[in-house]
Amino acid sequence: MAASELYTKFARVWIPDPEEVWKSAELLKDYKPGDKVLLLHLEEGKDLEYHLDPKTKELPHLRNPDILVGENDLTALSYLHEPAVLHNLRVRFIDSKLIYTYCGIVLVAINPYEQLPIYGEDIINAYSGQNMGDMDPHIFAVAEEAYKQMARDERNQSIIVSGESGAGKTVSAKYAMRYFATVSGSASEANVEEKVLASNPIMESIGNAKTTRNDNSSRFGKYIEIGFDKRYRIIGANMRTYLLEKSRVVFQAEEERNYHIFYQLCASAKLPEFKMLRLGNADNFNYTKQGGSPVIEGVDDAKEMAHTRQACTLLGISESHQMGIFRILAGILHLGNVGFTSRDADSCTISPKHEPLCIFCDLMGVDYEEMCHWLCHRKLATATETYIKPISKLQATNARDALAKHIYAKLFNWIVDNVNQALHSAVKQHSFIGVLDIYGFETFEINSFEQFCINYANEKLQQQFNMHVFKLEQEEYMKEQIPWTLIDFYDNQPCINLIESKLGILDLLDEECKMPKGTDDTWAQKLYNTHLNKCALFEKPRLSNKAFIIQHFADKVEYQCEGFLEKNKDTVFEEQIKVLKSSKFKMLPELFQDDEKAISPTSATSSGRTLLTRTPAKPTKGRPGQMAKEHKKTVGHQFRNSLHLLMETLNATTPHYVRCIKPNDFKFPFTFDEKRAVQQLRACGVLETIRISAAGFPSRWTYQEFFSRYRVLMKQKDVLSDRKQTCKNVLEKLILDKDKYQFGKTKIFFRAGQVAYLEKLRADKLRAACIRIQKTIRGWLLRKKYLRMRKAAITVQRYVRGYQARCYAKFLRRTKAATIIQKYWRMYVVRRRYKIRRAATIVLQSYLRGFLARNRYRKILCEHKAVIIQKRVRGWLARTHYKRSMHAIIYLQCCFRRMMAKRELKKLKIEARSVERYKKLHIGMENKIMQLQRKVDEQNKDYKCLVEKLTNLEGIYNSETEKLRSDLERLQLSEEEAKVATGRVLSLQEEIAKLRKDLEQTRSEKKCIEEHADRYKQETEQLVSNLKEENTLLKQEKEALNHRIVQQAKEMTETMEKKLVEETKQLELDLNDERLRYQNLLNEFSRLEERYDDLKEEMTLMVHVPKPGHKRTDSTHSSNESEYIFSSEIAEMEDIPSRTEEPSEKKVPLDMSLFLKLQKRVTELEQEKQVMQDELDRKEEQVLRSKAKEEERPQIRGAELEYESLKRQELESENKKLKNELNELRKALSEKSAPEVTAPGAPAYRVLMEQLTSVSEELDVRKEEVLILRSQLVSQKEAIQPKDDKNTMTDSTILLEDVQKMKDKGEIAQAYIGLKETNRLLESQLQSQKRSHENEAEALRGEIQSLKEENNRQQQLLAQNLQLPPEARIEASLQHEITRLTNENLYFEELYADDPKKYQSYRISLYKRMIDLMEQLEKQDKTVRKLKKQLKVFAKKIGELEVGQMENISPGQIIDEPIRPVNIPRKEKDFQGMLEYKKEDEQKLVKNLILELKPRGVAVNLIPGLPAYILFMCVRHADYLNDDQKVRSLLTSTINSIKKVLKKRGDDFETVSFWLSNTCRFLHCLKQYSGEEGFMKHNTSRQNEHCLTNFDLAEYRQVLSDLAIQIYQQLVRVLENILQPMIVSGMLEHETIQGVSGVKPTGLRKRTSSIADEGTYTLDSILRQLNSFHSVMCQHGMDPELIKQVVKQMFYIIGAITLNNLLLRKDMCSWSKGMQIRYNVSQLEEWLRDKNLMNSGAKETLEPLIQAAQLLQVKKKTDDDAEAICSMCNALTTAQIVKVLNLYTPVNEFEERVSVSFIRTIQMRLRDRKDSPQLLMDAKHIFPVTFPFNPSSLALETIQIPASLGLGFISRV
């Protein structure tokens, strides 16, 4: 592919930059071959001319497409080069907060300098069992790969962790070991994994220190081998150490510290046990104060000391040895404070009784003078004699420091040896995984011997790494059968030869050390002479003759020769060592034992492994001189030998590489320094891996992945059924250069850059398709817009034309209106003219007519005056009549108003009565009302008088009026007479004047009366209105008080309801927590129990006991807990440990940690048991007290029960006697009669059997009578039991009504005071009643005690009576009863001596009961005599029939008559729902019904829960027999057998489901037929007859409930194991909606799967499995509520595992995957609907997964989107939301990544949310299970036992 095709306009490239190392730019124009300058546009907005190298003409590196940025594996990048690697790491580290990245086989780990929540046990469980490429990069993934390859290939593994100081090597190695310890467990339960982890704090304390680069830097290298057995469980471990930095003991640079252990000791100096060490602050010691930084921020040295001591204890280092270690360490600190005084230039001395040296000698147990002498002198030995020479102060100081370093090194080796001994296992090791935590490549300003050794080790490791990478590439190509050429890679063998070959640097250094006068300068000259200009990798600095330069694989390093010889010799004066060896402190000489006695880490151990350190490889045996030589072996030689052994070990294992990168030198969290990162990437070999990969075919696709990704580049005709051929045809068209790709067996291999080219073609094709889609959509939108505009224009036109038409119509209307107006105006003018003329005419007419009228008026006036005269007369007559009428009217009004006033008065009286209770409030109001009432009455009387007067006047007036009318008529008739009698008129006028005066007077009086009445009426109305207002105010006050009381009551009710709801919720939560804790304890208990069984079996196999013993437990044990805890197997094996205890102790050492853990666990369980027992006793005591307070136990009832009990026993004895007689009769018949007569089918035999059947029926009748008697006894006992009195409490409604009646505050206060007084009175009464009740309780306790004694006495008498014959027994019973009744009578006589009436009633009731008992006794005697007579008659008849049959039947008839099989028809018996079996058949019953029962056949062919019903019916029969041993034995055997079955077939879902269903049914049966009222109310009357009568099995119900919980938990584990392999594949990986998800390019990890493909699971697989589970549970008859709980648990597992994998897989966090998940969840919800399980709570468990899928699909840009996400994702934690957003990865270029600012916005909005910081859901969480009572409607007597169960030995009763 030509460069012009890639370097086009807008292509992005990387260019070098001195600050950022690499900078991104964009081409502004296409590149053409021959161009010397590229025009670039930088990201910061500048344009740049980039000049190409004229020699190489290399183009800048191309950038990968954005879709590939941030990939999990660097090898998935299309362009593999340094800037691409650096950018990918930076994006993952800074933007996504991901610290792990794959680079082929290497895991790159960047130190975040921050605690991340990605190392919990939930993360370990998520990575366990997963392929390495399926999950996001993690140290756990590497550990899991190593663990699986060890198990699969049976080859030892190694994990090589390297990096600079501070890069996180130690932490990575620690987490890898934690993973192994958690996943594998240990084989011996000896907590080996804890010991392996406990070695970390010890080694960190003595081998780690603070440096300028790291607060916890490992100053030594270590290789830990973790051993596994054949089952790949941890059995032990072994540690090798390399090159401890001893110089740090005596010297620390600025801002650095000595080893942690010294500061931990100083911080704990105040502890009592450390007082003898005489330590203090770290600043007081020379060896701990040089760095000036004694404290590490965030680290508590005292707490770390406690952790270190705890780890030592766990590893078996005793307290004495620990104190010895601390003594030696404290001695080193005091030794550093020893000061020297110069006497002259060549000698020095120590002051007498120098305190630091005294303390050192006391702690070390050595002689002060001797140590003081040899610190200032040394011994020189020649061939002939020995000299003692003083040394100078500088030499003495150096010798002191050398001694301190030597002591610390020896102590370090001793601790390592003891740790290895503690981790060593006696079990043979099958394989191991090694974890190498070793220093990375180091280069400083001044590099010395330590850096030389470190870099030498890294050269060896890099060589091994390069060879391994090359080997993997070669194996991959050979596996795929593609041609390959030798890949050129950097081989650092020349550098290694320069260091370790003959005459190499180390060889010359050892040679110089042997020279007497060898110095660093002479050694440097030898190096120059030997290697300078001869080896290209060796150089000499220009300005120095005491240094040399080596070209390492990572960089050039300049080493200073000063100190090389001294550090290589590691010289210590032998005299000082001898002084220490002579110490009285026993531990100190152990450190300096001779090499042949010491356990060297390089010597072979018993397990065949080699331990490595700087001590000699082989112990020498010989002369002391030889030992001295061995002691002087150089450090370089030791290190070279140990490194060779390490490389041999690594080459014999499969290596896994972890490269730790330090992102910055300032320990800033999530800060990325590109320069430092590039240096380390070059040094650790990551870029070399990239280069090797890029040289071959780095990009690899399976054919199916290639087809799925690049299907868009194919035409329909190119798609064939053969995917391989399809891919070949397409590639040949797309990439013309065939060298750019190769076809393997299963994969396509691409050269670097080809995937990017294909991605470009794919993006172009998709872009063209998008453009076409956009074009079509835009055309459709524009046409739609045009049609919409056209339609709008037509509408506008329509409205305009309508408007114009309306305007024209308006014009026409106006024209017509104008015409009409003209018409009317013209008409108006004409009419006006006409009116004027008419008016003139009328005026003329009026004048004329006026003249005529006046004439007529004059005539009329005369007539009118005559009329006036008549009017006056008639008026007088009318007024007279009016007065009479007015008087009558007034009278009527007075009557009417009186009536109305009475009504009003009645109303007022009613109203006055309604406010009767307000009279107390208004005491003077009543008198006032009475006065007003009297006043009203008086006024009414006056008013009545006036009305009567008015009525009289009106009557008079009316009569007068009538008279006047008559007179007027008469006058009219005699008008003429009136004219004549003119004279009489005057007199009449006078009378009229008088009448007028009277009328006016009457009117005035009437007016006065009316005014008075109105005034009275107004006053009355005012008074009534005032009363009404007062009434209204009182009503308002009343309503206000009522409202206030109601409001307060409502508030109190609401408050109480809220409190009740909250308390209920809290109690439910507490109940669930307690239930969960209890069930977890049960789970732990069952696990320990199983472990106990396994240990017993192992012990049995180890000891080879031929005869397993049998030890029975005490049958009289009061608690059933023992039967529950210890199975029958345990009981049988219980005596084995006691016999094998001594040998086992000799062979296997006691594991103290396990013993302490178990002892602690047992103590906790005993405490819990004691607490529960105390609580139970307290409850029982309370119940007994309440019973004693409430009710007295009647004595007479007890006597009656005793009598009936005796009678029942008598009847049972008679029944047994009858049975015995019947058996004797049968036996006599079988003995006396001939075989021919009694043969089956003979007439005599048939008659005999009929008679026997009738007798049996009679016996059944007797048995029923006995059962009836028992039921009566039970009912009588229940009647005697005290009944709980109902607590009478004051009803709140009554109180409310009383409060509502109180309308006045004064009354409320009075009521409150009254209530207080009442409460005091009640309290005093309650106290007195309490005292009286306590006295009564004491009396009742004494009475109970006496009754117990009486009961015991009666039982003894009863036992004696039972030994007598029946007749004597009855007489004795009667005699005893008479005696007892006599005593009782005397007692009651004394009791009722003061009350004769009570005594009389007591005597009457006693006589009645005695009569009833005697009648019952007579009836039973009659029945017994009747049965005896019938039995005698039957015996006589049988004898007669025998004789008759023998006489009538001939022998021939007997022979000729065919003998048919026995088939005797029996009458249907009335079964009691019980099953009878013999005691010896119990094991057979358990074996056939439980141990050998196949659930599938039972579930299909028989009724659900049949075994449970059978077992319960057997228990019923044992209860009926009152056999407690049989009940206990059967229940114990049942429980143990179920446990045994589940232990044997516990992985079979059908078996576990079957026994969970049957255990629950058995539990429900025990409840249903327990006889408790709460359970009996669900039964039929017939079922209530089947209740247990003798035993209360409540304890066994609890045991069965616990067993059901254990089975349920096992069921959950089984279904989890079945579902777990399906969930990730079916819910995440499988494309349910085809074509939605796109496959992105993947790296090497996806290809190197640890496990071959076992078949892909789909969502249908999960649904089929769910259907299978549901159908099995339904077939087994499991309770519906329990099925709902199982389904809820299944859905929780599906949701949790899916979400956990989503959170750990970056490739799954995309928009399309969110759609797939939502579709899959909808299918699960549809399954719930089909099964009617939507109310089971299963859907709610999927809510976190649903919200995570929605989070993948919603917009993630603006603040509104952030707010929507925060409100939507309420079921996800903040950590989960942020994790999903960080992992969100676009599958196509059209998707956008989530910006960092948006994620920060989400975090800010969610910072106040209080949720768990845990990232993953707990997939192992099991919801607490409950077993709601579910009674069965099946009648026990109808159950048939199928023959297939093999239970013929039991019979129905």
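Using N, Cα and C of the backbone, Cβ positions are placed for all residues, glycine too.
As annotated by TrEMBL, ATP binding site applies to Gly163, Glu164, Ser165, Gly166, Ala167, Gly168, Lys169, Thr170. The Cβ of Lys169 (ATP binding site) has 27 other Cβ atoms within 10 Å, all protein chains considered.
Under the heading compositional bias 'Polar residues', TrEMBL lists 600-613.
Mapped onto DSSP classes, the domain 'Myosin N-terminal SH3-like' (8-60) shows 0 helix, 24 strand, 29 coil. Sequence annotations record features per position, and here TrEMBL assigns domain 'Myosin N-terminal SH3-like' to 8-60.
Annotation comment: TrEMBL describes 69-763 as domain 'Myosin motor'.
According to TrEMBL, the domain 'Dilute' annotation covers 1532-1808.
Summarising the annotation, TrEMBL assigns region 'Disordered' to 599-631.
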Packing count at Thr170 (ATP binding site) (other Cβ atoms within 10 Å of its Cβ): 23
Additional residues around ATP, ordered along the sequence, whose Cβ is within 8 Å of the centroid of Gly163, Glu164, Ser165, Gly166, Ala167, Gly168, Lys169, Thr170: Asn111, Asn214, Ser217, Ser218, Gly440, Cys660, Lys662
Local Cβ density at Gly166 (ATP binding site) - other Cβ atoms counted within 10 Å: 22
Whole-number mean of pLDDT values that fall within the domain 'Dilute' (1532-1808): 86
Chain-internal residues near Ala167 (ATP binding site), provided their CB is under 8 angstroms and they sit 6+ positions away: Ala109, Asn111, Asn214, Gly440, Cys660, Ile661, Lys662, Gln680
Neighbourhood of Ser165 (ATP binding site), C-beta criterion under 8 angstroms, separation at least six: Thr211, Arg213, Asn214, Ser217, Ser218, Tyr439, Gly440, Glu442
Neighbourhood of Gly163 (ATP binding site) by C-beta distance under 8 A, where only residues 6 or more apart in the same chain count: Ala109, Lys169, Gly440, Arg659, Cys660, Ile661, Lys662, Gln680, Cys684
Intrachain C-beta neighbours of Gly168 (ATP binding site), sequence separation six or more, cut-off 8 angstroms: Ala109, Asn111, Cys660, Lys662
Number of other Cβ atoms within 10 Å of the Cβ of Glu164 (ATP binding site) across all protein chains: 25
